[in-house]
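Report on one structure; see the data block that follows.
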Amino acid sequence: MHDPAHTRVIVGMSGGVDSSVSALLLLQQGYQVEGLFMKNWEEDDGTEYCTAKEDLADAQAVCDRIGMRLHTANFAAEYWDNVFEHFLAEYKAGRTPNPDILCNREIKFKAFLDYALSLGADMIATGHYVRRRDAEDRTELLKGLDPNKDQSYFLHAVASEQLAKSLFPVGELEKPAVRAIAELHGLATARKKDSTGICFIGERRFGDFLKQYLPARPGPIETTEGKVIGQHHGLMYHTIGQRQGLGIGGMKNATEDPWYVLAKDLTRNVLIVGQGNQHPWLFSRALHTSEMFWVNPPDFPLPRRLAAKVRYRQGDQTCTLEKTDQGFRVLFDEPQRAVTPGQSVVLYDGDVCLGGGVIETAEPWKREDEQP
Ligand SMILES: Nc1ncnc2c1ncn2[C@@H]1O[C@H](COP(=O)(O)OP(=O)(O)OP(=O)(O)O)[C@@H](O)[C@H]1O
């Protein structure tokens, strides 16, 4: 255990309530605490979507209130090279990436951590809802105590060595308690709305944003029988399992059931759709990943019974993890809806988040013949 009085911690201050309360709690626990606000995106189109200025002002107000120094740093170049370019490449390849996972691995727990250490810090802290547990030779990542806020899904690709240098003060709390602490201490961020969506996109329309960076290739929309029933503006605008925005309807001999994206045929640039949100094509029994990011190298043989999530906020799904020639296969006990290549599968053993990988492909549950 480290002695707080001799431990210098730099807290990532986002201008939100979670990092504000994290800083306050660390001060109360007797740590030497400073804050750091980072800018990861250079907004050059003059729009109002980027809230960085207000966020910095909020972070500064909290630091002033609790008597803490605030540093600033710009990691926009690192973010562009190590997160954003990968994000675009994934969209180009027809997948739906999750940039927040990469941002944690490459920016918050790498660029930010290294910078904090270079400023003389012993550790960093963030307002993520996760917990860590130190064993003799490893640090484990645990789910946050508040099941509604647990963010371990986003941190699964951060390795033990980085976690060992990180503190997560609000991971032991429930969100309402965090807000109550902020209110009690008059922090400017107490009632601030939780941030939503991908940080660099903010509230703007996703398609409009993507169009600035990737050429859209229009193509046909087909049914599972190969009948062309419309045109799409670009496969990148569509996600498997998604309903809205297809512009189909009023078709002869079709029921009123809404249409859903079932698959993307990249070679033919075709969007394949079907009716009903329980369409059998939407369900998978297994998925494949080529690479796993482990928090700690696994100390168990495969196959192994575990739990998994294929998206943030999904409940634990029981599964079997198997090794394959190309990587790993996750075989689910129950059919999984809308398993999406590019998103991540994250593995759990009880409360311990073991790691995860990017979904390459999904195996169909049972097409046509049986309902899941
Ligand atoms: N611009 C930033 N500068 C410094 N640290 C940041 C920044 N953005 C996020 N962080 C750190 O990462 C944590 C999680 O960020 P996330 O964007 O998920 O915000 P959040 O869960 O809404 O938390 P908060 O309420 O603190 O904004 C934050 O609590 C903070 O410690």
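Along the chain as shown, the residues are counted starting at 1.
Placement of Cβ uses the backbone N, Cα and C atoms for every residue, glycine included.
As given in TrEMBL:
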- G12, M13, S14, G15, G16, V17, D18, S19, M38, G127: ATP binding site (BINDING)
- C103: active site, nucleophile (ACT_SITE)
- H128: site 'Interaction with tRNA' (SITE)
- C199: active site, cysteine persulfide intermediate (ACT_SITE)
- 208-275: domain 'tRNA-specific 2-thiouridylase MnmA-like central' (DOMAIN)
- 285-359: domain 'tRNA-specific 2-thiouridylase MnmA-like C-terminal' (DOMAIN)
- Q343: site 'Interaction with tRNA' (SITE)
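G12 (ATP binding site) falls within a strand when secondary structure is assigned with DSSP.
Ligand 1 lies within reach of G16, H128 from the recorded positions G16, H128, Q343, judged by a C-beta closer than 6 angstroms to any of its atoms. Per Cα geometry, H128 is the residue among the recorded positions C103, H128, Q343 nearest to G12 (ATP binding site). If you compare Cα positions, G16 (ATP binding site) sits closest to H128 out of the recorded positions C103, H128, Q343. Counting residue by residue with DSSP, the domain 'tRNA-specific 2-thiouridylase MnmA-like central' (208-275) contains 7 helix, 23 strand, 38 coil. Note on S14 (ATP binding site): other Cβ atoms within 10 Å of its Cβ, all shown chains, come to 24. Each of the recorded positions M38, C103 was scored by other CB atoms within 10 A of its CB, and the lowest score goes to M38. Taking the C-alpha positions, the distance from H128 (site 'Interaction with tRNA') to C103 (active site, nucleophile) comes to 13 Å. Sparsest Cβ environment among the recorded positions G12, G16, D18, H128, Q343 (other Cβ atoms counted within 10 Å): G16. The record assigns G12, M13, S14, G15, G16, V17, D18, S19, M38, G127 to the ATP binding site, and the maximum Cα to Cα distance across that set is 16 Å. For the domain 'tRNA-specific 2-thiouridylase MnmA-like C-terminal' (285-359), the number of residues in each DSSP class (helix H, G, I; strand E, B; coil) is 0 helix, 45 strand, 30 coil. Looking at the residue listed as 'active site, nucleophile' and Q343 (site 'Interaction with tRNA'), their Cα atoms lie 14 Å from each other.
Distance from the CA of Q343 (site 'Interaction with tRNA') to the CA of S14 (ATP binding site) is 25 Å.
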